[in-house]
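Q: My questions will all concern the structure given below.
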Amino acid sequence: MADLASHPVGQPLGGGGVSFGTDGIRGRVGTVMTPALALQVGYWSGQVLPGDAPVLLGMDSRSSGPMLVAALEAGLTAAGREVWTLGLCPTPAVARLVNQFQAAGGLMVSASHNPPEDNGIKLFGPSGAKLSRDQQQAIEAGLRGEVRPALTSCGPTQRRTELLESYTALLENSLEGRRLDGRRIVLDLCWGSATSCAESLFRRLGAEVIALHSQPDGAAINVGCGSTHLEPLRQAVMEHGAEMGFAFDGDADRVLAVDGQGRLVDGDHILYLWGSALADADALPQQRLVATVMSNLGFERAWTARGGQLERTAVGDQHVHAAMAELGAVLGGEQSGHIISADHGMSGDGVLTALQLAALLQPGETLSDRVDQSFRSFPQRLRNVRVPDRDRRKGWQQCDGLTTAIAAAEAAMGDEGRVLVRASGTEPLLRVMVEASSQEQVDHWTDHLSELADQLLNV
């Protein structure tokens, strides 16, 4: 970390313009994500996290991970914190182990579903939940660099990779004795965090596993595979005659599935199926689920027809978590596959979700059977419009031409459709989503609004 040597005491170490997005701090390695920034994040996290218990530190398989972990460890120990490094693990392992071992908090080095050139830092508090906005702002204030860390104390470090077994034991115990004997299941491990435990755990529970992208590879993580690229999973399920398949993202905090017919089982369907099982067991208070504004109208109408309540939040699992805590809900999540079960920690967990979905099935029953009994999604399409100018992207609602066109689209579709436009919290993208009762309307309005946004915002 020679780049730190030229920084005199009292001057910033870098990161003055960095702030928390929807999922921690994330960006391109070497520009946004640097060792200097990671050292600062580690130091100020060490100052903000309460108590004097250890801080856990994990990473996904990205090539830049060890470099950033080393810098975070240096910053944390400089703040006087004891650090336990977990090595390669899923993000939810950090959250669950923080809670199990009563740690002060945890940091995960990962950029989730982003490309290999990116990396990021996710932070968790003592309960394993993501940091509060007040805690994030306290760290951001430190990153503005008005005072350089004194770096006068040094906490101890321990390598505790064996703790991953404690995490997998929690997952196995969540099934309460249910097994997966005889189930042929494809797992797309995405060259990422899921390679650390998912395949071995499914096999231990009796499943016949076909594993794709099953070794950690920092240069290939998320490339043409995983939860954002389902075709390899779908093809393998069909070729091997599997009952189902699961695709994880880079840090395994979310999962999408396909059934034996190759049909997508997204987060909405997972919530419906898992929620229905809980409701039938009288284990879903007020039959309430929490989802986001991205969830499908077909899901909402089917769940309401079943007698349930669906509460919607802004996009981001932290918003789902907050609403669940406020409402006393036990299950929530996102269409993208972040599913949170309050009975099993308050962090999205792709491996846990996959296990629970597979274990719902009765002998002789397939996932396709359950999907057939769920709901038909409204046609929905999402287009990403690249808008490099951050102010234009974040302030798209000030563009009268675009807001007028959105209002016209919503009026034309009436109660049978909707438009959702939002700026990504992690990428320079404006996301335009249209949902309607007919594919023709969806395609027309998605293309029209996306092209208009490109014309008006990129001038």
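Quick reminder: no glycine exception, Cβ is built from N, Cα and C everywhere.
Per Swiss-Prot, active site, phosphoserine intermediate is recorded for S112, and the stated evidence type is sequence analysis. As annotated by Swiss-Prot, Mg(2+) binding site applies to S112, D249, D251, D253. Under the heading phosphoserine, Swiss-Prot lists S112, citing sequence analysis as support.
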Q: What is the Cβ neighbour count of D249 (Mg(2+) binding site) at a 10 Å cut-off, with all protein chains included?
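A: Excluding its own Cβ, D249 (Mg(2+) binding site) sees 33 Cβ atoms within 10 Å.
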Q: Are there any residues in the same chain, six or more apart in sequence, whose C-beta is under 8 angstroms from the C-beta of D251 (Mg(2+) binding site), and if so which?
A: D60, P90, T91, M108, S110, S112, K122, G192, S193
Q: Note down the number of other Cβ atoms within 10 Å of the Cβ of S112 (active site, phosphoserine intermediate), including every protein chain shown.
A: 27
Q: Excluding S112, D249, D251, D253, which residues of the same chain place their Cβ within 8 Å of the centroid of the Cβ atoms of the recorded Mg(2+) site?
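A: Along the chain, the qualifying residues are D60, P90, T91, S110, H113, G192, S193, F248, G250, A252, R254, G350.
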Q: Need the DSSP three-state call for D251 (Mg(2+) binding site) to compare against my parser.
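A: It is coil.
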Q: Taking the Cβ of D253 (Mg(2+) binding site) as reference, which residues of that chain separated by at least 6 in sequence fall under 8 Å from it?
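A: Within the chain, D253 (Mg(2+) binding site) has Cβ neighbours under 8 Å at P90, T91, P92, S112, D317, H338, S347, G348, D349, G350.
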